[in-house]
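Now, the feature entries from TrEMBL:
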type: TRANSMEM; residues: 12-29; note: transmembrane segment
type: TRANSMEM; residues: 78-99; note: transmembrane segment
type: TRANSMEM; residues: 133-151; note: transmembrane segment
type: TRANSMEM; residues: 163-188; note: transmembrane segment
type: TRANSMEM; residues: 278-296; note: transmembrane segment
type: TRANSMEM; residues: 303-322; note: transmembrane segment
type: TRANSMEM; residues: 328-344; note: transmembrane segment
Amino acid sequence: MKEKQIKIHNNILIAIIVLSIISSLRVLFTSLKLDELTYYKVSENLLQGKYNLKNHPSSVAPAIPFVFSIFTIKSYPLLGFILNRIFNICLVGFGFYYIVLFLKKQKIKKLIILCILALVAVNPNSVAWFGTLYPESLIFFSFWGFIYYASQPAKRINLIKMLCFFTLIVFTRYVYAVLGLVVLINYYDYLKENFNKYSVTIIKYSLLFLIPFLFWGKYILNVEEQNLSEISYFERYKIDNPILYNIKCGLGLEKHHEVDKINGIPAFASLFIPITGFRNYTISLILIFGFICGLIKHIKRCAIKKLLIATVLIMFGFILAGTGFSRYWLMLLPAIYLGYFYLFKMLNINNKWFIYASQIISLVYIVNEVRIDILVIERYF
C-alpha cells in the first residue's frame, strides 16, 4: 500500500476514534440507573465508615464503590458523576495504551493497530457503556494492563505490576479470579527462567498480595454465611444444583432467573450487531470459532498463548457464573479483532481487505451512533 493511501486510512481511522469518543460523551449528564445506583448507595455509606447498601454489610465488589466515593461531591453530586464518567473514559484511553504496546510487541503494523482500536472504540457497546459508571472501563483498563505485564520478560517490576492489575480486576468483578491461572503460568515461566533469582521474589510478593484477598474473603464469608447482604453476586449459587443451573444459563440453554433475556453464548453476537436484545446461537458460535482459530494459529508466541488462555478462562468463568451480557465481553474486543486479523492472514487474505472491512463496519456503526446522538439531543434539548 502506498504511503499516501496509508496516510488517508490513518486519518479515517483516527476520525472514527474521535467521533466515537464524542458519541460516548452523551452519557455525561444522564441520571444514575440500576447498578450505578447500587454502587452510589454503597459509596455513600462507605464515606460514613460502613460498607452497606442499606442497613446491612454488602458483598458487592469494592473497587467501583471506592472510585465513586473518591469523586463524590456532596454539594453538587452531578459534578461528581460527570468527573467520574470522564475518568472512566480516560481509563479506556489508558487501556488503549496497553493494547498498542502489546500489539507492537507482536509486530503488528501501525495501520492494523489503528483498525483494531477504531473497531473497539466505535463498537455500539463501547460507546454505550465505557462512559457510564459501570465497571466496564476499569475492567478494560485492568485486563489489558494485566495482559501486557503478564506477557513481558521476567522482571521483578513486571511481576509486581501484573499482580497489581490482577488484584484490581478481581476486586472490580469477582469472576475474573479465573485469571489466577495466568498468574500461576507466569510464576512457572519466571522460575524456569531463573529459579534462584525469582523463587524468593515470587513467594514474597505472593504473600503480600494475598493479604487483601484473605481479609476480603473472610469478610465475604461472614456476610454470606449470615445472609446479611441485601444484594449479592453469590445468590446465584444459593439455589438447587447451582453449578448445573448456572452452566446451562452461561451456555444460553436457559434464561437465568435474575435477568430478562437469555445471555451467555447466544448474547455474544449482540456484541457486534446493534440490535437491542439480539440473540443468536449459530452466529455467536461462528464468531467465537473464527477469532479463536486466528489466535490458535499464533499460539507458539508466548504473549498470544497467554492472551488466548486468559480469553478462554474468562469465557469459561462467565459460563460457570451463568452470565454473559454483551457489555461483559467488551474487554475482550481487542483480542477478538486480533483473532480475526490473524484469521485473515491464515486464509491468505491481503491486509488491505481487513483494513477496508474495518472501515466499512466502523462507518456503519458511526451512522448508527449519529442517529442515537440526534435522538438524545432532541430528547434533552
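Using the three backbone atoms N, Cα and C, a Cβ is placed for every residue, glycine included.
Please treat TrEMBL annotations as automatic predictions, because they have not gone through curation.
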Is the transmembrane segment (163-188) close to the transmembrane segment (303-322), in the sense of at least 3 CB pairs under 8 angstroms with a sequence gap of 6 or more?
yes
Going along the chain, which residues at least six beyond the ends of the transmembrane segment (12-29) come within the CB cut-off of under 8 Å?
78, 82, 85-86, 89, 111, 114-115, 117-118, 121-122, 126-128, 130-132, 358-359, 362-363, 366, 369-370, 372-373, 376, 380
